[in-house]
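Pulled the feature table from TrEMBL, pasting it below:
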type	residues	note
DOMAIN	27-443	domain 'Enolpyruvate transferase'
BINDING	Lys38, Gly111, Arg140, Gln187, Arg366, Arg408	phosphoenolpyruvate binding site
BINDING	Lys38, Ser39, Arg43, Ser185, Gln187, Asp335, Lys362	3-phosphoshikimate binding site
ACT_SITE	Asp335	active site, proton acceptor
Amino acid sequence: MSSSIVSLKSVEQQQELIITPPSSGLSLKGKITVPGDKSISHRALMLGALAAGETVIKGLLLGEDPRSTASCFRALGAEISELNTEKIVVSGIGLGNLTEPADVLDAGNSGTTLRLMLGLLASHPGRFFTVTGDSSLRSRPMSRVVKPLQEMGAQIWGRKNNSLAPLAVSGQQLKPIHYHSPIASAQVKSCILLAGLSIDGKTTVTEPALSRDHSERMLKAFGADLEIDPQTHSVSVIGPTRLSGQTVIVPGDISSAAFWLVAGSIVPGSELIIENVGINPTRTGILDVLEMMGADLTLLNQREVTGEPVADIQVQYSQLQACTISGDLIPRLIDEIPILAVAAVFAQGTTVIRDAQELRVKESDRLAVMASELNRMGAKITELPDGLEITGGGSLVGAQVDSYTDHRIAMSLAIAALNASYSTTIHRAQAASISYPEFFSTLQQVCQ
Ligand code: S3P
């Protein structure tokens, strides 16, 4: 990387991202795209593998996480062409036909891969599977899906009372349940719905608030029999069902666009257009909160692409104001809280984030890590058991910070560094490639 503002250095197999804003300040300009939506990419690969016939996927995210899904489902018998963003063909093997691999299925860093796949493996009678992931994933709670699957008759074993990967799964004929999930989690909801696809009868999940609904939208498009009650946040799948291959065009990921929406809002003089971003209402909490904070956002060219709403989003700098983020908003922006913490540092007043204890069991403890790393740069953040209290309006000074190998932390800290004085070094910055391999090059592009 040649720019003097952004440079990337390899140190002992890790990458350090060094950001040195010019003392005269910088502004971000340009028209950019973001890579494909991670949640939709996982689901397109999985449903494609389970469907009868061919599924064509355009715009797939080529990050590490969907690569983990593709390699697991290849090992389970699906034919998936070489991954690229242009066109991928998945030759599905039909529901109930996953084959037993001779080796461990490795979900890497991806909670979505592991949790959704568990529902499918548990409902394949007569087959035995073992699943694992990297050190972060092996410490994340799987009991949230193991428990309901056990209620359905699943047999799953693992450490800490069957709650930690590696897990062993003996596939069974499961029975339908109505599961009242204590948390609003699309991974839990999707795991149970995927298990329900091959069960005779009605499998229902009710969640306390609505989580992202990409599974519901895509399952319907593939021909599954679903009933949705928006009043009670309940979804049922009536099985056994048949899925048929479809064409899926994956929109840009709003969780990746979020970095530019905040960067454009906090760096004076900035103006960015982010093209082709998914604006599914279960994901647009970031837009609602930024607007509440006084951001200057405009949705352009709104349209629908294979069942998902899409728009181009224009952002211009404006002075942000503090706000409170809590309650039912949380599941609609669960992955954007690290970058919203950065927005809050530059907002006037004290921002309070509550009801976000889920962040403690993501790829890292995102509440603890964002508080510690931004405080190293001079922020005033107090950790709460379920959130953060951020006193904004100050300024940041460059420092040595760490991603804790969490992709969203690496990218959030990079955006904070753009608005700091002096140089910031982000250690283990390569984590960004989990969901956004092009992040560094786009950063360099907009900083010019
Ligand atoms: C995801 C759901 C969310 C989100 C994750 C992706 C999905 O997790 O944080 O990055 O694709 O279903 P939870 O559903 O567990 O909150």
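Using the three backbone atoms N, Cα and C, a Cβ is placed for every residue, glycine included.
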Given the binding-site residues Ser39, Ser185, Gln187, which one is most crowded in terms of C-beta atoms within 10 angstroms?
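Per the Cβ count, the most surrounded site is Ser39.
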Can you go through the binding-site residues Arg43, Gln187, Arg366 and pick out those with a C-beta less than 6 angstroms from ligand 1?
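Close enough to ligand 1 are Gln187.
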Looking at the binding-site residues listed here (Ser185, Asp335, Lys362), whose Cα lies nearest to that of Lys38 (phosphoenolpyruvate binding site)?
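Of the binding-site residues Ser185, Asp335, Lys362, Asp335 has its Cα closest to that of Lys38 (phosphoenolpyruvate binding site).
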With Cβ-Cβ distance below 8 Å and at least 6 positions apart along the chain, what are the contacts of Asp335 (3-phosphoshikimate binding site)? List them in sequence order.
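In sequence order, the residues whose Cβ lies under 8 Å from that of Asp335 (3-phosphoshikimate binding site) (at least 6 apart) are Ser255, Ala258, Lys362, Arg408.
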Which one is it: of the binding-site residues Gly111, Arg140, Gln187, Arg366, whose Cα lies the shortest distance from the Cα of Arg43 (3-phosphoshikimate binding site)?
Gln187
Around Arg408 (phosphoenolpyruvate binding site), how many other C-beta atoms are within 10 angstroms of its C-beta?
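Around Arg408 (phosphoenolpyruvate binding site), other Cβ atoms within 10 Å: 29.
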Please report the DSSP secondary structure of Gln187 (phosphoenolpyruvate binding site), reduced to three states.
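The three-state answer is helix.
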